[in-house]
Amino acid sequence: MTVRSLLFLLFYLAFLPLIQSELDINYYQKTCLKFKEIVQKIVIDHQQTTPTTATATLCLFFHDCMVGSCDASVLISSNFLNIAERDVDVNLSLPGDGFDVVARAKNTLELECPCVVSCADIIAEATRDLVVFAGEPFYEVRLGRRDGLESKAKNAEGKYPKQTMTLTQVVSIFESKGFSVQEMVALAGAHTMGFSHCSQFSHRIFNFSKTSPINTAMNRKYAKGLKKLCSNASKDQGMSAFNDVMTPGKFDNMYYRNL
């Protein structure tokens, strides 16, 4: 599976049937001519000053699209009457840089062309610009998504794969979105960038069982390295490890080669 194929599958999420309007790469040609220019400048500047931006935005896009459609509902905050998607346990660890870069782009676009550009389109466009900056060949993004006006935590339950799930459970989640097992594996390659908190996998490297402290299915040398890296994870919940230790800042196929 090539990197290009992986990205095609990831952005297939952006074209799910629940999107209300026909998508077009030139959607803002007449209503917000500088849309692409503004988004690109803001996200690349943000990435250059904060290198976790690409990973954060890609993750945000995926988490948005897995619930209903790619409608930016993950951006909506909770209030005293409602708990929103972004406050579901699995979304609490979404990096703030993704939210921040989308907000910056939205604020700038509102000054340029008020009430025209959706946050949903900003997330899709920003993600493309950032993964291209990280090494993926350029591809077009079709635009015209509408922002969701509702965000409920209950709608996100069971929509994301978790580290405690069995393979069968994970496959079931992706099959519910129309993906095959091969396509699911391709989507997992997006982990070639970024990191995971030690708390997400500590159960596999500390006191795994009565017979072995480390999950025997793991490469022992790699597991010992993670154990050393995460030795203080119980005291520092922010401790993390790169998903791809070779090229953590690039969007490439090293994630698979490491496996």
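Glycine is no exception: its Cβ is also placed from the backbone N, Cα and C atoms.
Source: prediction; values computed, not measured.
Quick look at what TrEMBL lists:
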SIGNAL    1-21  signal peptide
DOMAIN    22-259  domain 'Plant heme peroxidase family profile'
DISULFID  CYS32-CYS113  disulfide bond
ACT_SITE  HIS63  active site, proton acceptor
BINDING   ASP64, VAL67, ASP71, SER73, GLU85  Ca(2+) 1 binding site
DISULFID  CYS65-CYS70  disulfide bond
BINDING   PRO161  substrate binding site
BINDING   HIS191  heme b binding site
BINDING   THR192, ASP244, THR247, ASP252  Ca(2+) 2 binding site
DISULFID  CYS198-CYS230  disulfide bond
How long is the line from the C-alpha of ASP71 (Ca(2+) 1 binding site) to the C-alpha of CYS32 (disulfide bond), rounded to the nearest angstrom? 19
When you tally the Cβ atoms that lie within 10 Å of each candidate's Cβ, which of the binding-site residues (ASP64, ASP71, ASP244) has the highest tally? ASP64
In sequence order, which residues at least six apart in the same chain have a CB under 8 Å from the CB of GLU85 (Ca(2+) 1 binding site)? HIS63, VAL67, SER73, VAL74, ILE76, ASN91, SER151, LYS152, ALA153, ASN155, ALA156
Determine the minimum-neighbour residue: among HIS63, HIS191, listed as recorded positions, which Cβ has the fewest other Cβ atoms within 10 angstroms? HIS191
Candidates PRO161, HIS191, THR192, ASP244 (binding-site residues) - the one closest to CYS65 (disulfide bond) by CA: PRO161
Using a 10 Å radius around each Cβ and counting other Cβ atoms from all shown chains, which of the binding-site residues SER73, THR192, THR247 yields the largest count? THR192
C-alpha spacing of CYS198 (disulfide bond) relative to THR192 (Ca(2+) 2 binding site), in angstrom: 17
Counting every protein chain shown, other Cβ atoms within 10 Å of the Cβ of CYS65 (disulfide bond) number 25
Near-site residues: Ca(2+) 2, ref THR192, ASP244, THR247, ASP252, CB cutoff 8 A to centroid: MET193, MET246, PRO248, LYS250, PHE251, ASN253, MET254, TYR255
Under 8 Å by Cβ from CYS198 (disulfide bond), counting only residues of that chain that are 6 or more apart: LEU226, LEU229, CYS230, ALA233, MET239, SER240, ALA241
In whole Å, note down how far the CA of ASP244 (Ca(2+) 2 binding site) lies from the CA of ASP64 (Ca(2+) 1 binding site). 23
Residues that sit under 8 angstroms from CYS113 (disulfide bond) by C-beta distance, when 6+ apart in the chain: TYR28, THR31, CYS32, LYS34, PHE35
Just checking, which of VAL67, CYS70, ASP252 (recorded positions) has the fewest C-beta atoms within 10 Å of its C-beta? ASP252
